[in-house]
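Taken from Swiss-Prot as is:
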type: BINDING; residues: D24, E25, D115; note: divalent metal cation binding site
type: DOMAIN; residues: 18-207; note: domain 'RNase H type-2'
Amino acid sequence: MNWPDYSLEEAALRSGARFVAGVDEVGRGPLAGPVTAAAVILDAGCIPEGLNDSKKLTAKRREALAELVMARCDWAVGHASVEEIDRLNILRASHLAMCRAIAGLRQRPCLVLVDGNMLPRDLDLPGQAVVGGDARCLSIAAASILAKLLRDRIMVDLAQQHPGYGWEANAGYPTPAHRQALLDLGVTPYHRRSFAPVHKILCKEETATR
């Protein structure tokens with residue numbers, strides 16, 4: 001298995017950057033819930049061992065690493081709501097969540113390493129897009145772990161308010177069971193109306209009431 005490393009952060013620090021943040025988001029694909037981003041500035045002297053892309057970790061390992069990151073590092077989380085996703089589109093909402101996470105850091109980064117191939121439009125700091133960053137860069141890997149864990153917790157809470165959709169297990173992603181629940185139970189306030197499977201159901205409901 002290839003592991004992320006600290007080389008991008010080290011290069012920036014050698015070039016004079018004082019603080020380098022890694023940023024990642026989770027929740028672009030779900031039919032329900034917010035999109036969540038995290039920003040992390042690692043302390044080079046005490047980087048938690050075992051950081052990796054959150055998708056490659058078990059839930060137990062993810063939680064243990066998240067606790068270490070939150071205890072040792074400067075970190076923050078940002079969200080964009082379902083309403084913002086529907087109004088802006090999912091890409092812009094993801095970037096909004098990233099900017100909110102960066103703004104929540106105690107220290108202002110000199111450089112932001114962003115997972116993906118595009119920097120947020122409203123980023124007011126120097127940034128570098130890193131394709132596959134959660135598997136390449138330790139700061140981004142740490143951010144991916146926090147974003148995943150904290151969004152999953154939100155979806156567990158929402159599942160208690162709206163049982164039957166399986167959000168505690170599927171985190172709002174379009175599993176067959178979630179799609180069937182949409183047909184059987186209908187659309188909740190936490191479903192993304194701009195996403196095709198939800199939009200189609202709403203259109204059918206509107207047609208049926210005419």
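Backbone N, Cα and C atoms are what each Cβ position is placed from, and that goes for glycine too.
Report note: the divalent metal cation site is defined by D24, E25, D115, and the residues of the same chain whose CB lies within 8 Å of the CB centroid of those residues, excluding them, are V23, V26, A37, A38, M98, V114, G116, G133, D134, I140, A143, S144, A147. Mean model confidence for the domain 'RNase H type-2' (18-207) is a pLDDT of 96. In the three-state DSSP assignment, the secondary structure recorded for E25 (divalent metal cation binding site) is strand. For D115 (divalent metal cation binding site), the count of additional Cβ atoms within 10 Å of its Cβ stands at 27 [all protein chains shown].
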